[in-house]
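Reading through the structure tokens given below for one structure.
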Amino acid sequence: PGFPYMTCSSQLQSSFLSYFCSIFSFLGCSVLVLTIIVSTLGGLVFGYELGIISGALPQLQAHFYLGCVWQEAVVSALLIGSLLASVIGGWLIDHHGRRASILLSNLLILGGTVILTASMSFLALVVGRAVTGFAMSISSMSCCIFVSEMVAPSRRGLMVTLYEVGITVGILLAYAVNYILSGVQAGWRYMFGFAIVPSLVQLVSIWFLPQQTSEGLITEDDNQQSDRLAGETLNRHQAEHVKYSIFDLFRTKDNMRRRTAIGLGLVLGQQFTGQPNVLFYASTILFSVGFQSNASAVLASVGLGLVKVIATLLAMVCSDKVGRRSLLIGGCTVLAVGLILTGFLCGQSVIDTTKQCTSLEPHVNLTSPAENQENAGNNSVNQSTPSTGNETHGAHGLSNNFSHSEDMYKWIIFICMMAVVSAFSVSFGPMTWLVLSEIFPKEVRGRAYSFINCFNVGANLIVTFSFLSIIDVIGLSGIFFVYGVIGMAAVVFIYLVLPETKGKSLHKIDRELSQTR
């Protein structure tokens, strides 16, 4: 008599189980979508803030009469804020959680954008850029760590790289906005203000994210889930006996010193190959090599942004198939060769690219910002080609062959810069942050990420703030040669030191790095 009841009960239990599984599957899918939205929007805002200064700087120079040092200060204020965030960001992420940190960064970006849009003085510009930089640094660290802890090992490369995709799309969007608003009076206010839109969308999305993270919470199969649970059990037992502090990053305990060396080598190579200057000063560099109007230089920078997006999408697809190490070695090799070739071509170009900083000193009149911008551009060309006696394009009085040579060098240099940007976007751009989110134990991951980011931002600050001044001394040719040599050194470092982490769970990477000497 009990068999029908048992059969009915089993069917009922099976129905409830299927129902709850479908709910959890839906929730997991929803969390996945929200994670993608929040991470991609965070990267988009980051990239937009990085790229927008390239087109806003000529207008700011004309509007506020900024000399060379003051221009460098406006650009570098973003990095000063990032450096401060790197000092305290690790503590904030480890003690208050990834989600709370993303939320804080979003609110600060909104505040910094309002300050920039309403700026009436040089000081307000610097403060607004510093607040925005502080927020961007917190966002970049917390988003990458949050995503790396949420997804399965087989999807981690794809998901973490989405943040870098957001950055490249943001940079492209910024370049496009720069071009559209390059002739608009006070267009720089609109350039800064457009960052509010994606920030508000991200702010709404953050509220629906889970408070806590767990590796493989989304996009994992049964085997991956069992591996994760076993790893988490092992990690909990180890955590009862092993506690990490920031000072352990310099000790041989669990091979932490090697992990720190890997992180520092990647971020220093990333910065000292000059990529920040290609982003921040894209229009300035292109103007110097022969794109003889601000509009054409900004439009050419849009091309660089488009190439960067395509290359980053390629890296996103390949990171879990080709591997982090292979992409870093291959991309950095192309990067170094492209930089050296660009330096050689700049040296052969008919445009004299020394005295760039001097040429950017403001010589403007009190008409409109657009006219001031054009006049400043004309002065730049006049001062950078004193031997030809030119006024506008630096080509009057030269032979047709000389003009053709100038055009040829201009476009070859542009192609080389596209190769450099592409190589960086496949290698250093996304892979550095993916590796950093994988190689440290969870208990100290936020602080380790923050510590290494201090060196990342500090190096970025040095490279960015000194760029125009160094060009004054050694020219574009010399500085690209230096970047290329550093790129070759980075290839050797990665080949000798960096292990492959693709397809491995975080606890497995931790265990292997702890045992490897």
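The backbone N, Cα and C atoms fix where each Cβ goes, glycine too.
Over in TrEMBL, the protein carries these features:
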{"type": "COMPBIAS", "residues": "368-391", "note": "compositional bias 'Polar residues'"}
{"type": "DOMAIN", "residues": "35-502", "note": "domain 'Major facilitator superfamily (MFS) profile'"}
{"type": "REGION", "residues": "368-396", "note": "region 'Disordered'"}
{"type": "TRANSMEM", "residues": "16-38", "note": "transmembrane segment"}
{"type": "TRANSMEM", "residues": "73-93", "note": "transmembrane segment"}
{"type": "TRANSMEM", "residues": "100-124", "note": "transmembrane segment"}
{"type": "TRANSMEM", "residues": "130-148", "note": "transmembrane segment"}
{"type": "TRANSMEM", "residues": "160-181", "note": "transmembrane segment"}
{"type": "TRANSMEM", "residues": "187-209", "note": "transmembrane segment"}
{"type": "TRANSMEM", "residues": "261-283", "note": "transmembrane segment"}
{"type": "TRANSMEM", "residues": "295-315", "note": "transmembrane segment"}
{"type": "TRANSMEM", "residues": "327-351", "note": "transmembrane segment"}
{"type": "TRANSMEM", "residues": "411-436", "note": "transmembrane segment"}
{"type": "TRANSMEM", "residues": "448-471", "note": "transmembrane segment"}
{"type": "TRANSMEM", "residues": "477-498", "note": "transmembrane segment"}
(message) Can you see whether the transmembrane segment (100-124) and the transmembrane segment (295-315) are touching - at least 3 CB pairs under 8 angstroms, only pairs 6 or more apart in sequence?
(response) no
(message) If you count every Cβ pair below 8 Å, which range out of 73-93, 130-148, 295-315, 327-351, 477-498 shares the most with the transmembrane segment (261-283)?
(response) 477-498
(request) For the transmembrane segment (73-93) and the transmembrane segment (448-471), check the count of CB pairs under 8 Å (sequence separation 6 or more) and say whether it reaches 3 or more. (result) yes
(message) Should anything in the same chain at least six residues away from the transmembrane segment (160-181) have a Cβ under 8 Å from its Cβ atoms, list it; otherwise answer none.
(response) 36, 39-52, 54-56, 140, 143-144, 147-148, 151, 187-188, 190-191, 194, 198, 279, 282-283, 295, 298-299, 301-302, 304-306, 308-309, 311-313, 315-316, 319, 425, 429-430, 433-434, 437
(message) Cβ under 8 Å, sequence separation of at least 6 from the ends of the transmembrane segment (295-315): give me the contacting residues as numbers and ranges.
(response) 51, 54-55, 161, 164-165, 167-169, 171-176, 178-179, 182-183, 278, 282-284, 286-287, 327, 414, 417-418, 421-427, 429-431
(request) Across the whole of the domain 'Major facilitator superfamily (MFS) profile' (35-502), what does the mean pLDDT come to? Round it, please. (result) 77
